[in-house]
Amino acid sequence: MIRVLVVDDSAFMRKMISDFLTEEKQIEVIGTARNGEEALKKIELLKPDVITLDIEMPVMNGTDTLRKIIELYQLPVIMVSSQTQQGKECTINCLEIGAFDFITKPSGSISLDLYKIKEQLVERVIAAGLSGQQKAAAPAVIRPEPKRIAKPVLSQSKSGPGRHIVCIGTSTGGPRALQKVIPKLPKDLNAPVVVVQHMPEGFTASLADRLNHLSDIRVKEAKDGDAALNGCVYIAPGGKNISVIKNSGGLKIVLDNHDTPSRHKPSADYLFRSVGKLTDYEKVAVIMTGMGSDGTAGLKDMLASGNVKTIAESEESCVVFGMPKAAVKAGLIHEIKHVEDIAASITSCVKKERV
């Protein structure tokens, strides 16, 4: 049973979230709190496994409360975000601080609209609870050397210095993981980098702005028709699927509304499949922390096209070892890397010099 504390200054939201969660047999709502100060007292008293935490509250806001929870209790926290620009920016900040994940409050106050978040809420609370249980049970380990899993299928090109492209897929835990990867990439990286981060519409712009501020390499939210240029990171916008195609001797980004079997928009599978068609490019595909298996089918197609190096984030550094685990189990990964080592691996793969 996953024990949950619901924290929100709105009595309506406290009741609605509690009702959604208690309908799930694996979840027990053990209490509620109206603000951060009250939440900290209830955590000490009730010992929850997971906390849902509103961002905008009186007395002590969600960001300050989150910092205290992580400092004192190391518990997984699901942020409940508003759709305002300030709410979006605060959400990205909370994910970087260490929140497990977030859900968005529906734009309207009609209760029927709130059912849109029920599936996401239950899924993320269960994942957070299981993640917390696994970490509590895991013994302390010395960080292992990166594992080499399969024989790389990078091929030599006879046409001189090769052209490269890097693609990354991630979900839960991704914003914090990307913060440990993107800022380490050199501004003159010899490849464009295209990132799929599972997020709703509107939040990816704040993520791109934040990463751009932290990085030497340029980071932007991708726009339809953008030229995919070396030394630039393109974050797929929430609510759209992203692909990369050849265009006038270079590469172009295409955004569309096509549905995918994974139901994610953006979808890592969708991106990876498009990149797999760039047969005269050296491709680096990275799959990082996240729930589910998005990316695995796309990696399979990409590997069939050749000229690919695949990297998965290690279980040790993942918030959720779901997407990487699925790709590893399918035998599609060449190297498993700790998140701190992924940028160096990407950089070494796209150096101009051929080995």
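Keep in mind that glycine also has a Cβ here, set from the backbone N, Cα and C atoms.
As recorded in TrEMBL, the features of this protein are as follows:
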type     : residues : note
ACT_SITE : S171     : active site
ACT_SITE : H198     : active site
ACT_SITE : D294     : active site
DOMAIN   : 3-120    : domain 'Response regulatory'
DOMAIN   : 159-353  : domain 'CheB-type methylesterase'
MOD_RES  : D54      : 4-aspartylphosphate
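Averaged across the domain 'Response regulatory' (3-120), the predicted model reaches a pLDDT of 90. With helix defined as DSSP H, G or I and strand as E or B, the domain 'Response regulatory' (3-120) counts 57 helix, 26 strand, 35 coil. Each of the active-site residues H198, D294 was scored by the other Cβ atoms within 10 Å of its Cβ; the lowest score goes to H198.
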